[in-house]
Amino acid sequence: MSFDIAKYPTLALVDSTQELRLLPKESLPKLSDELRRYLLDSVSRSSGHFASGLGTVELTVALHYVYNTPFDQLIWDVGHQAYPHKILTGRRDKIGTIRQKGGLHPFPWRGESEFDVLSVGHSSTSISAGIGIAVAAEKENKQRRTVCVIGDGAITAGMAFEAMNHAGDIKPDMLVILNDNEMSISENVGALNNHLAQLLSGKLYSTLREGGKKVFSGVPPIKELLKRTEEHIKGMVVPGTLFEELGFNYIGPVDGHDVLGLVTTLKNMRDLKGPQFLHIMTKKGRGYEPAEKDPITFHAVPKFDPTSGCLPKSSGGMPSYSKIFGDWLCETAAKDNKLMAVTPAMREGSGMVEFSKKYPDQYFDVAIAEQHAVTFAAGLAIGGYKPIVAIYSTFLQRAYDQVIHDVAIQKLPVLFAIDRAGIVGADGQTHQGAFDLSFLRCVPDMVVMTPSDENECRQMLFTGYHYQDGPSAVRYPRGNAVGVELEPLTKMPIGKGIVKRHGEKLAILNFGTLMPEAAKVAESMNATLVDMRFVKPLDETLILEMASRHEVLITLEENAIMGGAGSGVNEVLMANRKPIPVLNLGLPDRFIPQGTQDEARAEIGLDAAGIEAKIRTWLA
């Protein structure tokens, strides 16, 4: 979309953060209003993360107004809320390309802009990185300031508290801003708190505070008494005791939509020494009533008409794999009250909304705490229940030690329902489910299943749920199922594949939902097609049979080639002295950027045309 100067006259004056800092302070509310309207106009035309950015407009304006970015370093946690930041840092005219192939990255990205200090996508990393950045600046004697912005969801993760505990110990000069948009920590927002925040962050209070520390440093009982008195007084009116105990100077909560008040408070805090903590209260979806009322639905949106206030409805095609899982979950829970479903803040994405309403006593959303989710499930299994951990492939990476140490070593029957496996599309490098087959198949006693369609997905979930000799995993992609008939649920024989088509010289061993593409190639090349189903244990008998009957083998998977299912096939062949040529096809050894799933598969040659072209080139 072209930028309409007439609609956004103040925003038009801001082509850089230097120009922003030249504006009179009184113009910042108008700038914030225009920035919010421009964000609404842009995202509604192009799609993208929406509600979070609407809630951080004033904060973003205030931060770039007060701090000398990019010299001063601003770190956004996760990055859903960073669209206003991108608009103000030279990417305004490209914001309509966000999450598209060749367009702006969906999150802050170091390779995209010097203003993006940390590449992000997963949550709760900002404070840890910020401490390292602040320490590096101090060691280089650079007078740059470090600011981390983290949400009230992300701050619940253990990593964030580990970082704050460390900051309290080494006391770097840095500011952590808690963007609290769920009222989950405090509701004490109002004129008194805003005034108190400005008072507590002001020079007079800070001077008296530091002066008192020096005067009474040699009199420990008095120093301790003053410290406890200060904590008591602040604790009566602010909810920051926890952060104070971690070693931060806590200020807040303040109104995160009062841009002038934020500027005053940030200026006061800018030169304070040691770890500082500013708690701001915002409203997700601010300024657009439908998003304010339903921020979850408007978290990430397709193209829509903002005047209607409604998102486009589903076209009514095939159900998503997430829905297939959710329906199976409800169906199983209706027959077994021992089922316990666990998810780390992925209720909507994992298709668990209906289940959470129907079976609230069997549903646990542990927040952004993947490590805890897995070990919590281990405890449920020890207690005689049947836990299912519903988690995205990319987030399971964060709990790998728990999968091994707390589940697999003890051979606990935990079922992992791994959503968003393979190419996910618009969220790019940080969210592709590229590695789960590689890091799971090397874990002893783990059963790993890759369905080729929704019927197999249900059968595998059923099989894993009833498997009691250790952990199991079923991985399935983002997107819609293929439309096959759903059969009655039965347990599948563990580690057995099936031949779908008999051919001549070539055999394609397919793992997972690339099966429709593999079928087209098999038909075109008169190849044998095998639905391998299991990555672990592999069907070694079937692999050796295919090797004996064919001249070459092709393995196909939507996982990293290195260490993936194809590598397992190679190992079987070598162990059995079957020196047959094998071509492993899958995700290449690089991080795959944003774009649609179809665009990504076409680019890396995992659509039917690309698969056939790679095979023919290899055979030539």
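For all residues, glycine too, the Cβ spot is worked out from N, Cα and C.
Of the residues Glu354, Glu370, Glu454, Swiss-Prot places Glu370 in the same thiamine diphosphate site as His80, Gly121, His122, Ser123, Gly153, Ala154, Asn181, Tyr288. The thiamine diphosphate site in the record is lined by His80, Gly121, His122, Ser123, Gly153, Ala154, Asn181, Tyr288, Glu370, and its two most distant CA atoms lie 32 Å apart. Distance from the CA of Asp152 (Mg(2+) binding site) to the CA of Asn181 (thiamine diphosphate binding site) is 7 Å. Rounded to a whole value, the Cα-Cα separation of His122 (thiamine diphosphate binding site) and Asp152 (Mg(2+) binding site) is 14 Å. The DSSP secondary structure for Glu370 (thiamine diphosphate binding site) is helix. For the binding-site residues His80, His122, the largest tally of other C-beta atoms within 10 A is found at His80. Comparing Asp152 (Mg(2+) binding site) with His80 (thiamine diphosphate binding site), their Cα atoms are 13 Å apart once rounded. Around Asn181 (thiamine diphosphate binding site), a 10 Å sphere centred on its CB holds 24 further CB atoms from the protein chains shown.
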